[in-house]
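Asker: Would you mind keeping the following structure in view while I ask a few things?
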Amino acid sequence: MSKSLEWDNLGFSLLPWIRTGLDVMGFETMTPVQASTIPMLAGNKDVVVDSVTGSGKTAAFVIPVLEKVVKEEANTSKFKKAHFHSLIIAPTRELSRQIESVVLSFLEHYPSDLFPIKCQLLVGTNEATVRDDVSNFLRNRPQILIGTPGRVLDFLQMPAVKTSACSMVVMDEADRLLDMSFIKDTEKILRLLPKQRRTGLFSATMRSAGSDIFKTGLRNPVRITVNSKNQAPSSLKLNYCVVNPAEKLQLLVSILNNYKFKKCIVYFPTCVSVSYFYSFIQYLGKRNILVNEVEIFSLHGKLQTSARTKTLTAFTDSLSNSVLFTTDVAARGIDIPDVDLVIQLDPPTNTDMFMHRCGRTGRANRVGKAITFLNEGREEDFIPFMQVKNVELEELDLEVKGITTNFYEDFRNWILEDRDRFDKGVKAYVAFIKYYSNHSATSIFRLQSLDYVGIAKLYGLFRLPRMPEITKYLATEKQEGIFPGNWLVDPPVNMDEYKYKDKKREKERQETLKNISLINDKKKLKSELKKKNLAWSDKTLTKERKLERKEKMSLKRKAIEEELKAEELDENAEEERIKEDWKEIVLQNKRKKVSSKAIQGNFDDL
C-alpha cells in the first residue's frame, strides 16, 4: 500500500477525465482498498479483495476497467463489432444499476471528441427481452457489460454475441455469486469467456466463499485484505437492544419519532411483513402518531422490477426525511447517500448478511448508526457469536417515548376495520416462523425457544393459527395468555361477522358461509335422524338376525334329514345285496351236490 492516500501517489497517472470525475464525486483521497487494488487490477494482476462494507470497492474496480478500455484501444473504431471488452457481474438488479450509475458518472467527463465509451445493463425485466438486449448491443457497440448472472448467461449464449475480445471480468459481491443460488450460472458464464483474461473478485465477506474462488479461473491472484479489528468501519456505530417481541413495533415507532436522521432503512424478515407493516405505519402517519413528518417507502423482492427501481430511485432522490421498509433485497452493495440509520427488526438468517445490512450506513467515512432488535432469552447469545466474527455490538437501553395513545388498541382497531389485514397478519406470522426455522445459527435461533405468543402479538393476531409448530408449542406446557380455542383475546372475535372492506371479497365470503351453513345443516339433520331412528333400527336389526338364525337352522335340519335318508337307503340296499348273496350261495351248493352224485354213479358202472 502507498504511504500516502493522495491520488498522485497511486503509482501511475490516472486519465485526466477519470481524475475530474473523482473530484466531482468528492473522492478527495483514496481509501485503503482503492490504494491497494487499483494499481494491481489496472496492471495485469488477478485480485481477490476482502474489505469492510462502505470502503469504496466499486470505484476500486470501475477505475481499472475504464483505464484498460482506453489502454487496450477498445475505445477506437478498430474494436470489433459484436465484441465487448469488460464484464461486471453483480447478484441483484439494484446493485447492477448502481454500478452502471458509477460508470456513467465517470463517463460524463469523457472527452466528446474521442470514440465513445459505452456500457450496457443486462438485467431481467418485463420491458425488454434478451433479443432486445442483443439488438441494442449490436447497434450501440458498448465496451462494458454490467448485469446479473441469469441475464448475462442468456445474453452470452446468443449466437450474435462474441466473447473472444473480453479481457476483464469483475464479480462484485463474489461470495454471493459463488453460493448455491448462482454458482451454476457463474461457472457457465466463465466457461464462455477467454481463459487469458484479468479477473477481480470483490466482497465485504469474501472469506465465506472459501475455496470456491478458485472455480473462477484466477491465475496467481493477489489477495487484498484491508485489516481491521472490527469488520465495521470506524464511522459506523453498531448497537443492539433486547426487547420483548410484542413491543418491537412500538419501539420502532418510538425510534422513528425521537431519532434525528435524514434517511433510515428498516429491515424486515419477509416480503409479506414489509407490505403489512408498511400499511400500518402509513396509517399511523395519517393519525399523526408519527411525530416526525417522514416519507415511507416499501421495497421487497415480490415487487415487479419496474416498481422496485422506481421506489429505490424515489427513496434515493427524496429531499425530505425518508424511511425505507425492505428485506435483504436492499442489503448488498447498494450505496444510497445520506442513510444515517439502519434498524433490523430481526437478525438475518445468514450471519454474513448482518454486516451487509448494517453497511448501508456509515459509508465513505460518513457517520452512521445501526440498531438490531433481539428477542429476550437465547437470542442474546448472538452478541458473543458476532464477537468471534470481529463484529462488536454495544447494548442500547431504549424506552418507548412520545406515543401518547394506546398503541396496541390502535393496531387492533386498524386490523378490525378490514378482514384482509388480519389475513395478511397471519401470512406474515407463518412466513416469519418458516424464516426463523431456516436460520444458519441454529444453536441460537431455535424454534423451541421462540416466544410464539409474543410474535403473534407483534403481528396483531387475535388467535394462533393452526400449524405443526404451534401444536408442538402448546403441547409442551400450559402457556400463559392463551384462551380456549387458541385465542389471544377474551372475548374472542366473531369471525362470521368479521368483514372484508372489498365488496367483491365480502360477497364471496358470504356465499362461502352460506354453503358451509347448508353443509352443516345437512350434517345436523342426518345426525338427528340417526338418533330418532336408533330404536327402530335396533328392532329391525334384531328381527333380521332372528330370521337369519331360523334360515340357518332350517337349512341345517334339512341337511341332517337328507343325510339320515341317504344312510337308510344305503342300509336297505346292503340288506338286499346280502339276501341276493345268500341265494347265490345256496344255489351254488345245490349245484355241487348234483355234480358229485353224477360222478359217483359213473364209477359204480365200472
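Every residue, even glycine, has its Cβ placed from backbone N, Cα and C.
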Asker: In Swiss-Prot, one of 132-135, 172-175, 260-263, 292-295 is tagged motif 'DEAD box'. Which stretch would that be?
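Answerer: Motif 'DEAD box', as annotated by Swiss-Prot, spans 172-175.
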Asker: Could you check which of 7-35, 94-122, 413-441 is flagged in Swiss-Prot as motif 'Q motif'?
Answerer: 7-35
Asker: Going by what Swiss-Prot says, which of Ser254, Ser275, Ser279 is noted as phosphoserine?
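Answerer: Record lookup in Swiss-Prot returns phosphoserine for Ser254.
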Asker: Ranked by the number of other Cβ atoms within 10 Å of their own Cβ, which of the binding-site residues Gly54, Gly56 ranks first?
Answerer: Gly54
Asker: Relative to the Cβ position of Thr58 (ATP binding site), how many further Cβ atoms are located within 10 Å?
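Answerer: If we count other Cβ atoms within 10 Å of Thr58 (ATP binding site), we arrive at 22.
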Asker: Excluding Ser51, Val52, Thr53, Gly54, Ser55, Gly56, Lys57, Thr58, please set out which residues of the same chain place their CB within 8 Å of the center of the CB atoms of the ATP site, keeping sequence order.
Answerer: Thr31, Val33, Ala60, Ala204, Pro233, Gly359, Arg363
Asker: What is the total of other Cβ atoms whose distance to the Cβ of Ser55 (ATP binding site) is within 10 Å?
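Answerer: So the Cβ neighbour count for Ser55 (ATP binding site) comes to 22.
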Asker: Sequence gap of 6 or more, C-beta under 8 Å: which same-chain residues meet both conditions with respect to Thr53 (ATP binding site)?
Answerer: Ala204, Ala232, Pro233, Met355, His356, Cys358, Gly359, Arg363
Asker: Return the count of C-beta atoms lying within 10 angstroms of the C-beta of Ser51 (ATP binding site), excluding that atom itself.
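Answerer: For Ser51 (ATP binding site), the count of other Cβ atoms within 10 Å is 26.
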Asker: State the three-class DSSP label for Gly56 (ATP binding site), counting H, G and I as helix, E and B as strand, and everything else as coil.
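Answerer: SS state of Gly56 (ATP binding site) = coil.
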